[in-house]
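Following: one structure in structure tokens, then a few remarks.
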Amino acid sequence: MSFLYFAYGSNLLRERLHVNNPSAVFVAAAKLNNYRLQFCVKGQWNNNTRWKGGAATIEQSEGDSVWGVVWKLEKSDLKSLDVQEGVHTRVYRRLDTLQVTTATDQSILECISYQFMEPLFVKPSPYYLKVLQTGALQHGLPVEYRRFLDSIEHNGYDGPLPIFDDIMRNVKL
């Protein structure tokens with residue numbers, strides 16, 4: 001059994017998603033309507049997050065849209081995806097019935113995705129943005145959306161970030 005997952009954050013990048021979810025197979029680039037992309041942390045900001053800045057979330061916003069990637073995963077990967085997204089620690093909640101529109105043929109797919117709980121909005125690190133930008137390029141998201149990602153202001157963090165190094169050394173565009 002399998003399920004569809006709409007990724008809009010670091011899991012846009014194949015190599016990031018495959019760290020914990022090796023069954024993931026690219027299905028399509030897709031758009032989530034009436035949502036916007038935001039960046040946040042849970043609770044009080046202390047620069048001690050995995051990505052040294054805000055992580056992506058989606059927030060309902062009439063007329064806006066978020067581009068992402070639809071992945072097909074085996075049901076056996078659902079638990080590891082939930083753990084990665086912090087469902088058990090109430091960082092993200094799983095949304096089980098999001099409808100997205102594919103870029104290629106405008107078909108509607110029903111997917112799961114994740115949304116931050118109790119967000120504190122902060123800027124993402126430049127490393128995190130680079131993962132999103134690389135994933136968007138890797139999967140051919142629209143140029144205007146890639147420009148939007150390029151325009152997002154980051155927090156200027158320039159210290160070490162091992163998760164970034166581990167992921168990016170294996171990237172294939």
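Yeah, the Cβs are placed from backbone N, Cα and C, and that goes for glycine too.
For GLU85, the entry in TrEMBL reads active site, proton acceptor. Per TrEMBL, the feature substrate binding site maps to TYR5, PHE6, ALA7, TYR8, GLY9, SER10, TYR128.
Here the features listed in TrEMBL are placed on the structure.
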residue	record	CB count, 10 Å
TYR5	substrate binding site	25
PHE6	substrate binding site	27
ALA7	substrate binding site	25
TYR8	substrate binding site	25
GLY9	substrate binding site	26
SER10	substrate binding site	24
GLU85	active site, proton acceptor	20
TYR128	substrate binding site	28
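On the backbone, the CA of TYR5 (substrate binding site) and the CA of GLU85 (active site, proton acceptor) stand 12 Å apart. Put simply, the residue listed as 'active site, proton acceptor' is 11 Å from ALA7 (substrate binding site) when counted between their Cα atoms. The residue listed as 'active site, proton acceptor' is 15 Å away from TYR128 (substrate binding site) when you measure Cα to Cα. Geometry remark: GLY9 (substrate binding site) versus the residue listed as 'active site, proton acceptor', CA distance 11 Å. For the pair GLU85 (active site, proton acceptor) and PHE6 (substrate binding site), the Cα-Cα distance reads 13 Å.
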